[in-house]
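Colleague: From Swiss-Prot, for reference:
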TRANSMEM  10-30  transmembrane segment
TRANSMEM  35-55  transmembrane segment
TRANSMEM  104-124  transmembrane segment
TRANSMEM  125-145  transmembrane segment
TRANSMEM  159-179  transmembrane segment
TRANSMEM  203-223  transmembrane segment
TRANSMEM  235-255  transmembrane segment
TRANSMEM  271-291  transmembrane segment
TRANSMEM  327-347  transmembrane segment
TRANSMEM  374-394  transmembrane segment
TRANSMEM  408-427  transmembrane segment
TRANSMEM  449-469  transmembrane segment
């Protein structure tokens with residue numbers, strides 16, 4: 001197969017991140033220097049983000065049978081790279097206190113980013129599986145990077161064992177689909193699996209097993225049990241990546257799969273996804289109420305947010321607004337999560353001490369760091385879906401789409417879940433403004449706003465507010481980012 005210059009241009013983000021991996025490897029072999037390797041990583045990711053401008057000039061293109069680069073892929077590649085940039089930025093001060101090899105952290109983030117880019121442009125079950133494994137395997141190392149701390153190692157082992165089991169289900173489900181359809185490409189599956197075939201037991205079994213595998217990766221009920229433990233055990237910068245880049249990339253490819261293949265037309269599949277959505281919304285929000293650990297709380301809240309997004313997946317074949325809803329919601333979720341986890345990272349001791357994850361650590365933060373507490377307030381209000389924030393725009397789109405698609409009980413679950421979520425998000429917000437305990441020692445540097453992590457957090461807060469008040473630029477961008485069949 002001959003690759004044309006246009007195809008190379010379409011693969012620029014993947015090629016640049018791959019080249020950055022090689023450069024960072026050579027740099028580590030030449031000399032271990034934390035600052036140089038972190039800088040090379042950030043430069044590589046920024047170049048990959050800028051290269052999307054040149055990718056857009058090529059237009060929708062099938063690069064190989066495994067990859068399709070169009071507006072949809074470009075939008076989600078951009079979100080994944082932004083999440084990776086934020087992760088690398090938050091990790092730098094955390095790694096400064098790390099006693100062992102620090103530079104490999106950036107290698108793992110870059111390799112996982114390649115997996116996310118591959119997933120966003122995947123057009124084939126083979127690239128779907130490769131992308132998921134490429135994003136999951138580095139996470140085993142990243143979650144357990146603080147391996148001297150028992151909980152980090154425990155979280156890594158938990159995630160590794162359960163992820164391996166989920167991958168087995170996913171692979172077996174793909175094999176069953178291939179046995180019946182004779183094709184692994186999304187379009188080929190769409191042509192092969194006609195309406196009459198979709199109800200065959202083998203097809204439904206294959207789809208069911210794929211839902212199990214993907215449900216684990218997306219922390220959907222009942223495959224979510226690992227989520228709070230892993231979020232709590234992982235270092236704060238890694239939790240950022242886990243909550244954003246991996247979820248966004250996997251959800252993007254699942255949306256494309258359901259759009260191309262008629263699996264979503266099966267009433268049985270739609271019913272299962274609807275039940276999972278309601279269970280995820282209610283379980284995630286109800287479990288978050290009792291949490292006193294901010295990372296566990298955000299872990300449970302991510303289960304609920306993916307439940308809201310499943311409603312777009314249920315309606316993706318029948319409703320044009322579904323893709324737009326997913327894009328707006330995921331953009332809002334990305335910036336809100338980056339800000340929330342960014343504040344946790346800034347509040348945490350560089351490696352040596354525990355992360356600032358207890359709600360008690362945030363009590364009275366306003367009286368010591370008013371701007372940082374204002375940022376955390378904005379992020380909590382956005383995740384709760386309060387008007388004038390980007391999170392509200394996403395929730396509004398979900399409810400509007402649910403109503404127009406006549407998914408009444410799912411829309412009711414969104415409203416109920418949002419009402420429950422309001423309680424625990426406001427609980428965090430209120431604690432920021434209470435009187436501060438005198439005994440509490442804070443590790444946040446006084447010049448936090450001038451650090452790279454502080455700048456990322458402030459930009460996230462500004463975007464959440466500005467796009468919450470005037471969302472038209474984001475909506476226009478999402479409308480351009482539609483996959484062309």
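Backbone N, Cα and C atoms are what each Cβ position is placed from, and that goes for glycine too.
Values in this document were obtained by computation on a predicted structure and should not be read as measured data.
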Colleague: Taking the transmembrane segment (203-223) as the first stretch and the transmembrane segment (271-291) as the second, find out whether 3 or more Cβ pairs fall under 8 Å, excluding pairs closer than 6 in sequence.
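Modeller: Since 3 or more Cβ pairs under 8 Å link them, the transmembrane segment (203-223) and the transmembrane segment (271-291) do come into contact.
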Colleague: Counting CB pairs under 8 Å, which listed stretch among 10-30, 35-55, 159-179, 374-394 touches the transmembrane segment (125-145) the most?
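Modeller: Stretch with maximum Cβ contacts: 159-179.
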Colleague: The transmembrane segment (159-179) and the transmembrane segment (104-124): do they have three or more Cβ pairs under 8 Å, with pairs 6 or more apart in sequence?
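Modeller: They are not in contact.
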Colleague: In terms of Cβ proximity under 8 Å, which residues at least six beyond the ends of the transmembrane segment (35-55) contact it?
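Modeller: Hits for the transmembrane segment (35-55): 9-10, 12-13, 16-17, 19-20, 23-24, 27-28, 69, 74, 77-78, 81-82, 84-85, 88-89, 91-92, 95, 102-103, 106, 109-110, 113, 117.
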Colleague: Of the listed stretches 235-255, 327-347, 408-427, 449-469, which one has the most C-beta pairs under 8 A with the transmembrane segment (271-291)?
Modeller: 408-427
Colleague: If you count every Cβ pair below 8 Å, which range out of 10-30, 327-347, 374-394, 408-427 shares the most with the transmembrane segment (235-255)?
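Modeller: Selected stretch: 327-347, with the most Cβ pairs under 8 Å.
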Colleague: What else in the chain is close to the transmembrane segment (374-394), if you only count residues 6 or more beyond its ends and a Cβ gap under 8 Å?
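Modeller: 301, 305, 325, 328-333, 335-337, 339-340, 343, 362, 365-366, 418, 421-422, 425-426, 428-429, 432, 457-458, 460-461, 463-465, 467-469, 471, 474.
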Colleague: Other than its close neighbours in sequence, what residues sit by the transmembrane segment (159-179), given a CB gap under 8 Å and a spacing of at least six beyond its ends?
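Modeller: Hits for the transmembrane segment (159-179): 125, 129, 132-133, 136, 139-140, 143, 189, 193, 202-203, 205-217, 223, 225-226, 230.
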